Structure formats: structure tokens, C-alpha cells
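Copied over from TrEMBL, here are the features:
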TRANSMEM  30-50  transmembrane segment
TRANSMEM  62-87  transmembrane segment
TRANSMEM  108-132  transmembrane segment
TRANSMEM  152-171  transmembrane segment
TRANSMEM  183-206  transmembrane segment
TRANSMEM  226-249  transmembrane segment
TRANSMEM  261-284  transmembrane segment
TRANSMEM  312-333  transmembrane segment
TRANSMEM  366-386  transmembrane segment
TRANSMEM  392-414  transmembrane segment
TRANSMEM  426-450  transmembrane segment
TRANSMEM  462-483  transmembrane segment
Amino acid sequence: MTGNEQATADELQLAALGHKGELQRNFSPLAMLGLAFAILNSWTALSSSLSLSLPSGGSTSVVWGLITAGVCNLCLAASLAEFLSAYPTAGGQYHWVAVISWKRWVPLLSWITGWINVSGWIALVASGGLLGSQQIVGIISLYNADYMPQRWHQFLIYIAYTVAAFLINAFMNNLLPYVNKAAITWSITGFVVICITVLACASPNYSSAQFVFAEFTNQTGWPDGIAWLLGLLQGGLGLTGYDAVAHMIEEIPNASIEGPRIMIGCVAIGTFTGFVFLVILLFVSGGDIESIISSTAGPLLQILYNATQNRAGAVCLLMFPLICLLFATTSIMTTSSRMTYAFARDGGLPASKYLAKVHGRLGQPLNSLLLTTILTIIFGCIFLGSSSAFNALISASVVALAVSYAIPVAINCLRGRRMLPPRAFVLPSAFAWFANILGVVYVIITSVLFVFPPELPVTGSNMNYCIVAFAIIIIISTGQWFVDGRKNFTGPRTDMGLEVLEAVKSQQTEQQSRDPKLRASAPN
């Protein structure tokens with residue numbers, strides 16, 4: 001199939017889903033993998049958020065929590081990949097829910113899923129700036145023991161990250177594929193350089209295997225079991241956001257085939273690199289969890305300093321994750337704006353006509369990008385009033401995105417896994433049921449736990465305000481439903497024409513005939 005024929009088939013499939021292709025398909029599979037990997041950026045996110053898990057289980061939470069989160073998220077990613085192959089539209093989860101739900105519940109369930117997903121992505125944008133600001137404040141603390149970090153210092157750095165990501169997205173849209181390729185190259189280079197350097201510098205004074213794989217610490221005040229489960233938030237953060245592939249799917253060619261591969265691949269790569277990196281960090285950490293947790297420089301920078309015994313060297317190594325976090329913030333903002341655009345295109349948000357416009361010259365939904373940026377800055381203001389705002393924003397993003405992953409999977413299971421049409425990517429039946437159920441159970445457990453306060457006793461400043469954020473989302477979305485949605489929102493189009501189905505099926509059959517892997521995964 002030639003490039004023009006492929007483009008026609010992609011646009012035909014999108015038209016069958018009720019939308020005109022307004023975005024350019026200028027992302028190659030490698031560029032899209034770069035975007036997805038930049039968003040997960042697992043080794044960076046996991047190491048930068050060690051403060052979430054070290055007090056809640058110590059090394060056992062860091063290592064085995066990641067394995068637990070990795071297996072469960074791989075199951076969820078594989079489950080969602082089937083939906084993506086069948087319905088490659090930027091709407092993602094809320095569109096899939098509309099396709100498979102009971103007819104009378106389609107508008108409401110699609111509406112709820114869309115609002116949760118949009119909110120989760122906007123909250124996730126905040127994570128990059130928060131993690132980056134923590135690392136920069138840590139550098140100052142490493143060089144100046146008398147420095148007393150103020151929340152507003154970190155807030156200003158957070159704003160700088162957010163504004164930089166906005167400017168790149170707004171005025172460099174055509175260069176984003178190259179930015180994403182640079183992101184994955186920089187990330188992998190940083191991963192290799194840091195691993196080799198800290199292992200060489202710390203040799204032979206490594207921590208024991210007992211410390212790395214079995215050291216348990218609980219500074220939360222919660223019972224040990226709950227404390228360990230709360231530590232899963234670190235693994236959840238490092239492996240969330242893979243639905244970015246779905247929300248950017250209208251900008252890659254051969255979407256129904258390449259999309260599922262990229263979605264599963266980015267989670268697998270993220271889990272592997274994250275595990276290797278965290279294990280290496282623990283081996284070179286010096287073996288004193290208490291001093292790492294209490295360090296004003298932050299756990300990651302303190303470990304790098306312990307390994308190198310050189311402040312300049314530790315800071316130089318920290319430049320890799322710092323720049324990775326800027327790439328991640330940029331990519332998350334890109335995806336968040338596309339998700340907002342897609343939901344507005346179906347009339348799911350206030351001022352939908354305004355938010356669904358694609359800027360003619362810039363070739364992107366600029367209004368949705370502006371909304372994402374403004375709300376991200378507003379979310380960041382929470383940090384000025386609460387010491388646990390970091391946990392709250394991270395929890396809100398991880399929980400919201402996970403819930404949006406679980407809703408279509410759960411509905412499909414309740415309907416006997418019979419609601420998806422023929423598609424290029426199909427899980428074997430027995431494994432599909434296992435993956436679907438495990439993923440949904442994981443989301444239910446973690447969604448409850450991640451709204452718990454991070455430590456006891458609970459005070460006004462350490463309260464987990466994630467639950468407040470969800471209450472605000474529920475109040476606004478419910479009010480908007482009764483004001484407008486109940487009357488006007490019908491959900492996305494779900495009735496693909498027979499002639500379009502035949503065209504799409506023909507496209508997929510031809511691709512499968514050329515690719516043995518696809519032929520093996522095709523339905524019998």
C-alpha cells in the first residue's frame with residue numbers, strides 16, 4: 001500500500017468514526033514512540049519521585065512496587081490496545097465507552113469518562129514541573145546547607161517549566177516529531193551514562209542485595225501493609241499516560257496497526273528501564289535510607305552524590321533527568337491539548353466550539369492548548385498552600401487516568417468481550433480475560449489507596465487533597481451535564497458504515513498479509 005493509499009485509508013476510517021481529519025499525520029512510529037516514552041519517561045519519573053515510596057516501604061516498595069505496577073499496567077495497555085486497533089480516534093477512552101456501552105447509558109458513561117480523562121491529563125501536566133522544581137531546589141540545597149527552600153521558589157520554577165512547554169507546543173508544532181525523537185535519544189543516553197557512571201564511581205562499595213531487594217521502612221504512621229501499598233503511587237506515576245498514543249493517533253499513519261504496538265511497547269520499555277535504573281540507584285545509594293529520605297537535596301540527587309562523592313559530578317548527572325522532565329512536560333501538554341480538543345469536538349466541554357477549533361496557521365488546537373496551560377498554572381497554586389500538594393496532584397493524575405483506562409475494559413468484560421469488531425490486534429481469549437480482570441482490580445485497589453493521606457496523623461497541611469480535586473471535577477461535570485450535556489451531548493459517532501468497514505478491513509487484511517506478526521495476531 002502506497003503512502004497516499006495509506007493516508008486515504010486512515011482518513012476513511014476516521015471519517016467512519018464521525019470526524020474529519022484536520023490534524024497532519026506527520027508523526028512516524030518512532031516519533032510517536034518517542035512521545036509516548038517521553039511522557040512515561042519511567043526511569044526519570046521513578047527516580048525523581050523516590051520520596052513517594054522510600055518512606056512507604058523502603059527498597060521493597062521501590063523495586064517490587066514497580067514490578068507490581070508494571071505487570072498490571074501492561075495488562076491494561078494490552079487491553080486498551082484492542083480498542084485502539086478497532087477505533088483509532090483521538091477521543092480514546094470516552095469514544096470506546098460510547099461504542100460498547102448499553103445504548104441508554106451511552107451519553108452519560110461517555111461524558112463521565114471524557115471528563116475524568118481530560119482532568120487526569122491536565123493534572124499530569126503539573127507533574128513534570130513539580131518534579132523538575134524539586135530537583136532544582138535540591139541542587140541549591142546541596143551547595144548551600146543554610147538554604148531554606150520556600151514553596152514560592154519551587155512554584156516559580158514550576159511556572160517556568162509550564163510556560164516553556166506551552167511555547168514549544170504553540171510555535172514549534174511542525175517540529176514536535178523531531179523534539180520527540182530527540183527526547184527518546186536524550187532519555188536513553190542519560191539512562192546509559194548515569195548507570196555506567198554511578199556504578200564505576202561507587203565501586204566496590206555497593207549496598208547489599210538484602211538492602212536493595214528486602215529493606216523495609218515505614219515512616220508513614222499507617223500499618224505496614226497499607227504503607228507498602230501507598231508506595232505503589234511511585235510505580236503508578238512512572239507508568240501512567242500511555243493512552244497518549246490514542247489521543248495522538250490521528251497524527252500517525254497506519255494508525256490501527258502501529259498504535260497498539262506503540263502503546264504496549266512504551267509500557268514494556270518503561271518497566272524494564274525503570275527497574276534496572278532503580279536497582280542500580282539502590283546499589284550505589286550507600287545503604288542508609290534514613291539519610292536519603294531526610295536529605296534537603298532530595299533522594300535522587302543525594303544518591304548521585306553518595307555514588308560520585310562529588311557535588312559537580314552529581315549535578316551534571318542530574319541534568320539528564322532535568323531535561324527529560326522538560327521533554328515530558330512538553331509531550332504531556334501536547335497530548336492533554338489533543339484530548340481536550342477531541343472531547344470538545346464531540347461537545348463534551350463548556351465552550352466546545354471554541355476549544356475544538358484548529359488554528360489554521362499553527363496546525364493545532366491552540367485554544368485547547370491555552371486552556372491546558374492556564375489550568376496547569378492554577379493547579380500549581382495549590383502547592384503554595386499545602387505541603388502535600390505534590391502528592392495530591394500526582395495522586396489525582398494517576399487515579400483519574402487509571403479510572404479512565406478501567407471503564408471501557410470493565411464494560412467490555414461485563415458484556416462478554418463481544419463488543420469490539422474485527423481488528424488488526426486481538427489478544428488470545430484466555431489471556432484477554434486475565435489481563436482485563438487484573439487491570440480492573442488493580443485500578444479499583446489503587447484508586448481507593450491513592451486518596452489516603454500520605455502519613456498519619458492527618459493535619460490540614462499534609463492532608464491528601466486529591467479527594468478535593470475529584471470533588472471539584474464531579475461538581476463541575478455534574479453541573480455541566482444538567483445545564484447542557486443531558487440535552488445536547490449524544491456521545492461520539494458509533495455507527496460505522498458498511499462500505500467503510502469493508503475498506504478498513506481490506507486495508508488491515510493487506511497489511512496482515514505483508515506482516516507475519518500481524519497475521520499471527522489476527523482473529524480466526
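Cβ from N, Cα, C; glycine included.
Bear in mind that TrEMBL entries carry predicted annotations, made automatically and left uncurated.
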Under 8 Å for C-beta pairs, could you tell me which stretch among 108-132, 226-249, 261-284, 366-386, 462-483 has the largest tally with the transmembrane segment (312-333)?
108-132
Residue numbers, six or more beyond the limits of the transmembrane segment (183-206), whose CB comes under 8 Å of its CB atoms:
30, 33-35, 37-38, 41, 43-44, 273, 276-277, 280-281, 283-284, 286, 303-304, 306-310, 313, 317, 320-321, 323-324, 327-328, 330-331
So which of 226-249, 261-284, 366-386, 426-450 is most in touch with the transmembrane segment (108-132), counting Cβ pairs under 8 Å?
366-386
At a Cβ cut-off of 8 Å, and with pairs 6 or more apart in sequence only, do we get at least 3 pairs between the transmembrane segment (261-284) and the transmembrane segment (366-386), yes or no?
no
Applying the under-8 angstroms CB criterion, which one of 152-171, 366-386, 392-414, 462-483 scores highest with the transmembrane segment (226-249)?
392-414
Hey, which bits of the same chain come close to the transmembrane segment (62-87), Cβ under 8 Å, at least six residues off its ends?
17, 46, 50, 53-54, 93, 95-96, 99, 212-213, 228, 231-232, 234-236, 238-240, 242-243, 245-246, 249, 256-257, 259-260, 263-264, 267-268, 270-271, 274-275, 278-279, 282, 402, 405-406, 408-409, 412, 420-421, 423-427, 432, 434-436, 438-439, 442-443
Considering the transmembrane segment (462-483), which listed stretch of 366-386, 392-414, 426-450 counts the most C-beta pairs under 8 Å:
392-414
